[in-house]
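Report on the structure given below.
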Amino acid sequence: MEPSASGLAARGDLRSVLPFLPVVLHGGALFWPPAAQESLRALALGPDVSRVATGDVLADALTDLRLVLALPALSPRAADGLALFFDDLLSRVQARGWFAEVVPNLARLLLRLPALLEDHYDKATDAASGLRILASQDAGIVHLSQELVAALLTCALFCLFPTDGRAEASLPNINFDCLFAALVHNARQSQEQKVRCLVHYFERVTDSTPTGFVSFERKVLPRRAGLGGVTYPDVDAWMKSSSPLCQFRVFSSGFIEDEEQEALEVDFANRYLGGGALSRGCVQEEIRFMINPELIVGMLFMASMDDNEAIEIVGAERFSQYMGYGSSFRFVGDYIDSKPIDSMGRRRTRIVAIDALDCPTRLHYESSGLLREVNKAFCGFSYQSKLQLYTKLFEDYNNKDISPRISSDEYIGVSTGNWGCGAFGGNPEIKSMIQWIAASQALRPFVNYYTFEDASLERLGEVIQWILHHGWTVGELWHMLIEYSSQRSRGETFKGFLAWLLPNGSPKNEVDYMSE
């Protein structure tokens, strides 16, 4: 069924995102401006017609496309980066296939973009899942087909998204111009390897169009009471929680993205989704966005996160194998994602983006900093179906009749690690406890924690087992974390939390604390 002429024009979801799309709405239909459509048609006919057979000429063609869309020309550095990658860094055989097959297929995909968008809005009948700008404090979900995602990512590759107003709307950069510009005069091979991951993605989706779906959800933990659901808990609410701590498994090796159990896989995020993925960044979040490139589409419409917000993405397919981290990152080859599909057509890969405090220094040990971090993690780990139950868990903390039950289709734990402990300077011992507390209160059945062989976490498994053996609750662990942080702030201890809690294998203040 085709969308009605008046229907598209009346949609608030489309109106919110249209200024940030390269297509136009006229007469109730979406289309490319005529000059842009002609350019795309020429590209679709291949290099014999378009003459686009090198990175240098591709940069010129993209500049021409941008000019007819009333966008400025590509920067000289971005143009140089395109030429460098496709003419010098890519093998001749791969470059020949890229320009003869991939670029024409990408142009054909872009020519279908208006129809893909119209079909998307036609199926998102109630606008509850339609593509739109999800601004700060605007809880909601966007449900996209993988084919539409591929078309939108091609717009980003070709640098066709308008940029005016994005900064004012707290939206990150989405075009790939900075990614290519960062190749120039860059001694780190990791930048080239990031581009190789993305090129591989475009080769895959033009060879075989993916047929699934990806959802992007903005989760908000309200600061004020509303209609049902938990609000932003304070320090006292956490202290009084009698929720049991969930199972916690420690892994010294392995990676979150290789998690075998169904779990929320934590993205150690920047408050701007994707962080430096499309510039020079190459740590945990950026690497995840390279091997699962469909995540990048969220950067088109997800505004930066506030302290009480998280972003959950379900269904993003993995396309690349890799090795290394940071400057040692390398694209290794193809990856076939075998994750099962859910009832909504999404892969059962659940990625939750939560941004930690950046360089918190003393905030590590202040109740305001601890509260911010535990509530950020709790927001990310929460089930949307259990918001009213969470309210009861915080309010009726002495009511033992509230027994959280998890159905088989909700047995989804948390897979995480040293969140915010790299460039952001966080404390791994404290962050491991905070995430355990948040996951337990959110009724997650387990936490799988990857330490990445961090020396400060050598005793983490021992401490976890002692706490579980003694049956501590969320409130009791939170109490000890607050007490430790208070002593640390006053200079009364300089030990790490694990050594402070269990010095020489003996529990800290066990008798005094457990008798309170």
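Easy rule for this one: first residue shown is 1, then count along the chain.
Glycine too: its Cβ is placed from the backbone N, Cα and C atoms.
Quantities reported herein were computed from a predicted structural model and do not represent experimental measurements.
The following features are taken from TrEMBL:
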- Asp267: active site (ACT_SITE)
- Glu285: active site (ACT_SITE)
- Glu286: active site (ACT_SITE)
- Asn270, Gln284, Tyr325: substrate binding site (BINDING)
- 92-218: domain 'PARG helical' (DOMAIN)
- 236-458: domain 'PARG catalytic Macro' (DOMAIN)
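Cβ neighbours within 10 Å of Asn270 (substrate binding site), excluding its own Cβ and spanning all shown chains: 22.
Between the CA atoms of Asn270 (substrate binding site) and Glu285 (active site) there is a gap of 8 Å.
The average pLDDT computed for the domain 'PARG catalytic Macro' (236-458) is 92. For the pair formed by Gln284 (substrate binding site) and Asp267 (active site), distance between Cα atoms is given as 7 Å, rounded to the nearest Å. The record assigns Asn270, Gln284, Tyr325 to the substrate binding site, and the maximum Cα to Cα distance across that set is 17 Å. Highest Cβ count within 10 Å among the active-site residues Asp267, Glu285, Glu286: Asp267. Remark: secondary structure over the domain 'PARG helical' (92-218) totals 67 helix, 13 strand, 47 coil, with classes taken from DSSP.
The Cβ of Gln284 (substrate binding site) has 25 neighbouring Cβ atoms from other residues within 10 Å, across all protein chains displayed. Around the Cβ of Tyr325 (substrate binding site), the same chain contributes Cys282, Val283, Ile287, each under 8 angstroms and 6 or more positions distant in sequence. Note: the CA-CA distance between Glu285 (active site) and Asp267 (active site) rounds to 6 Å.
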